[in-house]
Amino acid sequence: MELAVGNLSEGNASWPEPPAPEPGPLFGIGVENFVTLVVFGLIFALGVLGNSLVITVLARSKPGKPRSTTNLFILNLSIADLAYLLFCIPFQATVYALPTWVLGAFICKFIHYFFTVSMLVSIFTLAAMSVDRYVAIVHSRRSSSLRVSRNALLGVGCIWALSIAMASPVAYHQGLFHPRASNQTFCWEQWPDPRHKKAYVVCTFVFGYLLPLLLICFCYAKVLNHLHKKLKNMSKKSEASKKKTAQTVLVVVVVFGISWLPHHIIHLWAEFGVFPLTPASFLFRITAHCLAYSNSSVNPIIYAFLSENFRKAYKQVFKCHIRKDSHLSDTKESKSRIDTPPSTNCTHV
């Protein structure tokens, strides 16, 4: 369930195209569309690089050593975000670059369906991570028996199954639309009964945004309250660490809310009100698009690169590659080194 941006907008009726923006066209697509494509490109490049690095670091676990539950959730989040960036953004960018849909019915269904699946997987994973941290800090005595890889993998499986099921109406109702007065083709949601779409939009907002956000806030509020009570018995180093955790938590909640709130506002507005078609609303929809897409790029920064341990492991990845490349070069120069194994003194997460 994604935002439509052509002369067809959210809803079940064909709306007239909004007034054209004042600036002239750039490369034949308009200044606003060109800027949007540039932003998409930056989000794509940053997100693919960041999520690929996260996956690489987390995949380098020591043999026989189980991954932590936190790392498993971060890995799942990065895989979902990377898949979304690779499979959705390049195709969705054609909406801004071309006046009509040219990618066929399957791609039309797939990218909008996977957009919703990825959105739900990300949100549910963030909620699962908040519960995981709550158990680890507030119920530390019982956490060792609950926070095990098997339970985390089971949670990941449930997250994907639930997301795939919740997004299925999008795959069913998304399709090609051919206006009678035009030879153009659009990729658009078509619901026979408007009441069903209203119900689905509300359910997606409640179960795919509001409740997970409330759960995240509840868990982190409990965590911060627990840490505040324990601060008196902590060393300065430990106190600084807990404050860092509190700052990260604040960033997590704020970014989560900001990234997806405009997306849901537009869908609710379109279904239960009259969404205006003006240059201002057009820019608002573009902003909502970019914010939703950027969430897949900022997650690696929030959950990985703010961690000192992760940064150290990230540096070790490059050190290991440098050592291995150096060893391969040495073996070519000296036959006496052919049987010498490469250095494996690398840190794993």
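Cβ atoms here come from the backbone N, Cα and C positions, even for glycine.
Features of the protein shown, as given by Swiss-Prot:
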CARBOHYD  N7  N-linked glycosylation site
CARBOHYD  N12  N-linked glycosylation site
CARBOHYD  N183  N-linked glycosylation site
LIPID     C320  S-palmitoyl cysteine
TOPO_DOM  1-36  topological domain 'Extracellular'
TOPO_DOM  58-70  topological domain 'Cytoplasmic'
TOPO_DOM  92-109  topological domain 'Extracellular'
TOPO_DOM  132-151  topological domain 'Cytoplasmic'
TOPO_DOM  173-200  topological domain 'Extracellular'
TOPO_DOM  222-248  topological domain 'Cytoplasmic'
TOPO_DOM  293-349  topological domain 'Cytoplasmic'
TRANSMEM  37-57  transmembrane segment
TRANSMEM  71-91  transmembrane segment
TRANSMEM  110-131  transmembrane segment
TRANSMEM  152-172  transmembrane segment
TRANSMEM  201-221  transmembrane segment
TRANSMEM  249-269  transmembrane segment
TRANSMEM  272-292  transmembrane segment
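Counting residues 6+ beyond its ends, the topological domain 'Cytoplasmic' (132-151) has Cβ neighbours under 8 Å at 66-70, 72-73, 219-220, 222-223, 226-227 in the same chain. A Cβ distance under 8 Å defines the sequence-distant neighbours of the transmembrane segment (201-221), meaning residues of its chain 6+ beyond its ends; these are 1, 116, 119-120, 123-124, 126-127, 130-131, 133-134, 166, 249, 252-253, 256-257, 260-261, 264, 267-268, 271. Within 10 Å of the Cβ of N183 (N-linked glycosylation site) there are 7 other Cβ atoms, across all protein chains.
The average pLDDT the prediction assigns to the topological domain 'Cytoplasmic' (58-70) is 70.
For the transmembrane segment (71-91), the residues of the chain that approach it from at least six positions outside its boundaries are 40, 43-44, 47-48, 51-52, 54-55, 58-59, 61, 103, 107, 110-111, 114-115, 118, 121-122, 125-126, 128-129, 132, 149, 152-153, 155-156, 159, 293, 295-297, 299-300, 303-304, 349, judged by C-beta separation under 8 angstroms. According to DSSP, the topological domain 'Extracellular' (173-200) comprises 8 helix, 8 strand, 12 coil.
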